[in-house]
Amino acid sequence: MNYKEILDRVMAVVKPEENIGHLANYIPELGKVNPNKLGVHLSTTNNFDLGIGDNLEKFSIQSISKVFAVCLAYKTMGEGIWKRVDVEPSGNPFNSLVQLEADKGIPRNPFINAGAIVICDILISHLEKPKEAFLNFVREISDNPELTFCQKIADSEKSVGYRNIALCNFIKSLGNIENEPEEVLDFYFCLCSLEMTCQELSKAFLFLANGGQKVSDKKVILTKRQTKRINALMQTCGFYDESGEFAFEVGLPGKSGVGGGIVAVFPNNYSIAVWSPMLNAKGNSYKGMMFLEQFTTETEASIF
Ligand code: GLN
């Protein structure tokens with residue numbers, strides 16, 4: 001497969017397209033990002049690595065971090081985490097509160113805000129220094145000791161974080177948060193503030209395309225069974241109430257964030273990260289989805 005030719009071809013089509021949508025300006029710092037950025041990076045399980053456009057520029061990965069958080073919680077605590085968070089698509093927006101009361105405080109999945117907040121609570125209960133442990137985990141899977149949180153973005157989100165504050169308190173009232181909401185939310189805002197490039201992201205996700213094992217140093221991060229389950233969750237829940245559409249158009253497990261990033265994984269083949277900050281109505285990158293749809297169409301390969 002000539003990936004370079006395909007990336008160039010898809011870029012030439014997607015880049016000049018009209019950029020429809022909006023920035024995630026409900027987080028003031030994210031409203032300042034240049035809406036015309038477009039970067040893509042592909043990393044394959046046989047060690048091929050290729051990027052195009054703004055692939056080396058850092059951006060706020062936001063909800064993509066939820067994948068790292070659930071992987072660390074799964075690795076730390078095993079199957080017990082599924083008692084605290086379910087594995088069903090929610091069919092609702094990422095920040096929705098509506099199902100929680102009927103579901104007795106058990107969020108539908110770890111990729112909506114409610115689920116990620118419960119995962120943060122689990123990590124705080126099980127790790128002595130959760131922020132450090134989280135950063136070490138992300139640094140390890142991406143072979144990059146420099147990765148860190150962006151305090152400015154975390155503070156910016158916290159200053160207007162009424163919805164997440166409500167979510168955390170509501171879940172606490174329903175008995176599914178063990179720690180103080182303030183501590184849980186501080187951790188949640190921090191992990192959403194992580195900044196990475198497309199290159200760093202595609203490398204960090206490569207173990208999920210490789211049966212749970214890092215390609216660079218062969219270290220096992222998750223078992224094959226755990227990896228299957230994380231990929232299944234990305235497939236069914238990675239794009240909130242647009243997860244069906246992403247499966248329909250792209251055909252790969254993936255995860256988006258309101259910073260405009262999307263990472264998709266093709267098991268036994270590659271991981272690919274795309275960044276374009278303008279979001280559609282569901283909070284997913286407009287051109288990111290378009291790029292990946294054309295990429296899997298051109299490569300004629302997906303998990304389906
Ligand atoms: N930090 C964001 C929030 O909680 C993450 C949402 C997202 O990326 N979908 O609103």
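Any Cβ shown, glycine's included, is placed from N, Cα and C.
No curator has checked TrEMBL annotations; they are predicted automatically.
As recorded in TrEMBL:
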- SER63, ASN113, GLU157, ASN164, TYR188, TYR240, VAL258: substrate binding site (BINDING)
| task | Give the helix, strand or coil assignment DSSP yields for SER63 (substrate binding site). | result | helix
| Which listed residue (SER63, ASN113, ASN164) has most other Cβ within 10 Å, given these are binding-site residues | SER63
| task | Let me know how many other Cβ atoms fall within 10 Å of the Cβ of VAL258 (substrate binding site). | result | 25
| query | Least buried of the binding-site residues TYR188, TYR240, going by other Cβ atoms within 10 Å? | reply | TYR240
| field | Chain-internal residues, separated by at least six, CB under 8 A from GLU157 (substrate binding site) | value | ILE27, GLU29, ASN164, PHE189, CYS192, SER193
| query | If H, G and I count as helix, E and B as strand, and all else as coil, what does DSSP give for ASN113 (substrate binding site)? | reply | helix
